[in-house]
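Peer 1: Taken from TrEMBL, the feature active site covers Asp351. Per TrEMBL, the feature ATP binding site maps to Gln162, Lys178, Glu201, Asp372. The feature Mn(2+) binding site is assigned by TrEMBL to Glu201, Asp372. Under the heading domain 'FAM20 C-terminal', TrEMBL lists 249-463. The feature region 'Disordered' is assigned by TrEMBL to 45-72.
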Amino acid sequence: MTKKSSGQLTDDSCSYSVELNGWGLGTDIRRGVLPEINQIGRARNIEEAKRASNDTKNTRPTKKAEKPRSELKRGWDDQDVIGIAIKTGVILQIYHKQELRNSPTYSSIIYTQRKGHPWQQFHRDISQDALYSEDAPYMDDLLRDLATVEIVNASQFRGGTQLKLDLRLADGNRVIAKPMRLSRDHVYKYTREEPFWLDPERHNAEIASFHLDRLLGFRRVPPCSGRRVNLKKEILGKSEDTNLLSTVFKSGANLCVIGNCKPWFCNQDHPSCTKGDLMEVAMCQFLPAYQGGIPVRDAAYPWSQGRKESKVWKGKNICLDILKDSIRLGGRVLLDLIEQGIFDFFLRNYDRHHYSQLRKYQRKVGCVLHLDNGKGFGNPLVDDDTFLAPVYQCCKLRRSTYFRLKELARPQSRLSNRLNASMSHDPIAPVITEVHLQAMDRRLETVLRTIDKCIRNHGESNVLVERLE
């Protein structure tokens, strides 16, 4: 038996898992269910755990009395342990021998009791300013768990235009997974023959977007990690979703799945296929539900690249109209939208039709999230300066963001090098090609030139601000 840095107990065949009701899994029918507790037997739900608790009540071993053989004890054959799963503020309460208190195993259990799994720490870390804190000490553990913890249930995610998977992990976590569809060196042309609205999503774009967003100091993209899964065993074998299972077919030695979504994406021409037995997926952390419902609210993004919407802001400067809107002007929203324009310019993401905020916070104080970035990183060869319309139309930017961008343009801390280093430990690295990394540096120079032009025209004190009154 070994100890993981997140406080999770593992051995070669067991996973330590308790899913607690109240951790924000929405309307999931599995709320409150304990998927598996293999080390101490198998408690399939809260009621069974309660019955086990009653069976062992008043039988706590003493030095004089012989310990009873509990049914919950199976699996920890190296230690005499009685475990009781209970629905409280801790994950698991363990009654054990005194000498166990001084063991690494005991320390691991106590850590998990106090801190929770990394995904639970992430949920608690969410604030009105960002999805996670700047240091986020649990982040490495969370990314590792996304890539390694056993998948116990799989279904197709309901929502969006393309295939996504709704996965439940053995530690109680819920994950949105996007399967690989295109090779990393595939370049989408964004021409009349290849219009942006037919652009397939890229799994690696979600991973790269998380790392880029973190480097830029925004921290508004949910954590994502790459993972190689056995499609037959880990996904299809853990699913009862006919929408998914009915669309599986063989292509040579590979297994493919189509799913049920918009017909121009879910068809025989756009399958997601394995290479041999394995398929690459992006495992992206699910956000906690709010009051039993979806966690975010959406509003129309003023600088949408949609064909009809873009005609409005490409024909005139709309920033003066936005500045009259008390909701967007007050608080942080407009400055967040300007930063979102910069972020999408790096990605060349034409799929930003709405912007999202957490429903838990009021519109004026809740940060704008950078969700659903799968259509980014499609073409590193050509830049589209129209993504920077929020910058050159409003000529406002957070001072801290400006100097962060300046820092990433310095040779000793170049954005491409830092992004490459950040992604180097991902299980499916290299996440993006060298050409995409070079595009990051080139696009950063364009962003800084655009801001500097605003400063020359309007003065630094009028352009660089921290808040709008």
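Every residue, even glycine, has its Cβ placed from backbone N, Cα and C.
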Peer 1: Fewest other C-beta atoms within 10 angstroms of its own C-beta: which of the recorded positions Glu201, Asp351, Asp372 fits that?
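Peer 2: Each of the recorded positions Glu201, Asp351, Asp372 was scored; lowest Cβ tally within 10 Å is Asp351.
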Peer 1: Identify, in sequence order, the residues in the chain of Lys178 (ATP binding site) that are 6 or more apart from it along the sequence and have a CB within less than 8 Å of its CB; answer 'none' if there are none.
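Peer 2: Expected: Gln162, Leu163, Lys164, Leu165, Glu201, His203, Glu206, Val281, Ala282, Cys284, Gly374.
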Peer 1: Averaged over the whole of the domain 'FAM20 C-terminal' (249-463), what is the pLDDT?
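Peer 2: It averages 95.
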Peer 1: Around the ATP site (Gln162, Lys178, Glu201, Asp372), what further same-chain residues have their C-beta within 8 angstroms of the site's C-beta centre?
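Peer 2: Not counting the recorded site residues, we get Gly160, Thr161, Leu163, Lys164, Arg202, His203, Glu206, Gly374, Lys375.
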Peer 1: Can you tell me how many other Cβ atoms are located within 10 Å of the Cβ belonging to Gln162 (ATP binding site)?
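Peer 2: Total other Cβ atoms inside 10 Å, all chains included: 20.
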Peer 1: Across the listed ATP-binding residues, Gln162, Lys178, Glu201, Asp372, what is the farthest Cα to Cα distance, given in whole Å?
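Peer 2: So the binding residues stretch over 11 Å, Cα to Cα.
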Peer 1: Express the distance between the Cα positions of Asp372 (ATP binding site) and Asp351 (active site) as a whole number of Å.
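Peer 2: Counting only the Cα atoms, the answer is 8 Å.
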